[in-house]
Amino acid sequence: MDKRTTQFLKSRFQSYYKNAEIGLPDHLPNREWAFIFYDDMPEKMMHRHKSFGSPGEALDYLYGMAPAHVYNSTAYYEYPDAKKMNEKNWLGAELIFDLDADHLPNAPRNYADMLELVKKEALKLLDFLLDDFGFSEQEIQLVFSGGRGYHFHIVSPKVLTLGSSERREIVNYVSGRDLEFKYFFREVAMDGDFGTGSKTFKGMKNVPMKCTLVGYDSGWGRRIALYLTDYMKRESEKKYKKDMFPELRRHEKVGDTTIKKLINIANSETGLKDILEKGRLDFDVRNFKEIAAYFMQESAEDFLHRFGASVDEPVTADIKRLIRVPGSLHGGSGMLVKKLALSELEEFDPLNDAVVFGERPVKITASKPFSVQLKGKDLRIEEGIQEVPEYAAVYLICRGVAEYGHRRNQPDTV
């Protein structure tokens, strides 16, 4: 990045910070801040161990310095500006989740598709935070990172003193790592109107057994119920019976009789509903506990891909992590690190809603062809000199595929 390009970006960032609404963290004097400046480019040197005593001091600093990247600590310190970490005196830390397309298997290369995929992961994580862990919406802060993902901040007092190992356990839970499916299926003595009959068999030596799904109405049990019912419905709708339930047919105790019963349950008015609302899995099928556990184990990869949340474990486990400040700009994209209400996530479009610069034409020199979708437009950039809207110029320069202005002896692109 040449000097003129650096000055252009710094001036654009400074114009933004003049009136920016920055999401300053609570307990501001107890937070460490860190910055990467355009004046250090192309080196990405982090300047850290800084603290601010008041909101005005922090905002004045951002406007005056116009940094490329802005971070604050997720931890609270007694002495946040101490130069050595062991001298800061750690007091606690928010619980942080980082979802980034870089950590998703088979993430698409197209930026818009990539962002859509990571949003789905964010929605799955949000379900865990609200349903499984019971955090209130007020305890969850959601932020678009300005790049390829989302950050979740849990600010509940219940999590502040959790250590790294406890935080890793939380990651293991939301990802479904080491999930033991056999413990979700249980055989119990049939009693009353729950299983295949309505009689009570208490006191009998040989009591009929029924298979039930443990925890069918919440947590992983609910997700297993959804997966099973979706599978049964999908398979029963196939045209030919011989093509139905191929995964179950591989089990030695599953024959045509069992398949027929499963089809009947899937096609009945109450069969699938009873799984979701009662955890009922007896179906008058012998060995169904064993069969169901086998199916879930065989389908584990697909099940966890659908329901597990892929989060960056090192970020969550790090109790002294630096994270981007909401309301700041991401120096790798020029986009806004945007705080969102939880209700906004599903409809949020980063390539429109996190773009802060305007339409003013800016001349750039692109080093290679490049395409991107911004503000509802498909922008196709050719190598060479051309004019683009300011928001596109900032994005392309931040991505490292263009310089500001034009070079001598460089032909304009028509």
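Note that Cβ sites are derived from N, Cα and C of the backbone, with glycine treated the same way.
According to Swiss-Prot, the protein carries these features:
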type: ACT_SITE; residues: ASP98; note: active site
type: ACT_SITE; residues: ASP100; note: active site
type: ACT_SITE; residues: ASP312; note: active site
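The structure, with features from Swiss-Prot marked on it.
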| residue | record | CB count, 10 Å |
| --- | --- | --- |
| ASP98 | active site | 21 |
| ASP100 | active site | 20 |
| ASP312 | active site | 18 |
Integer Cα-Cα distance in angstrom, ASP100 (active site) to ASP312 (active site): 7
For ASP312 (active site): DSSP state (helix, strand, coil): coil
Between ASP98 (active site) and ASP312 (active site): CA-CA distance (Å): 6
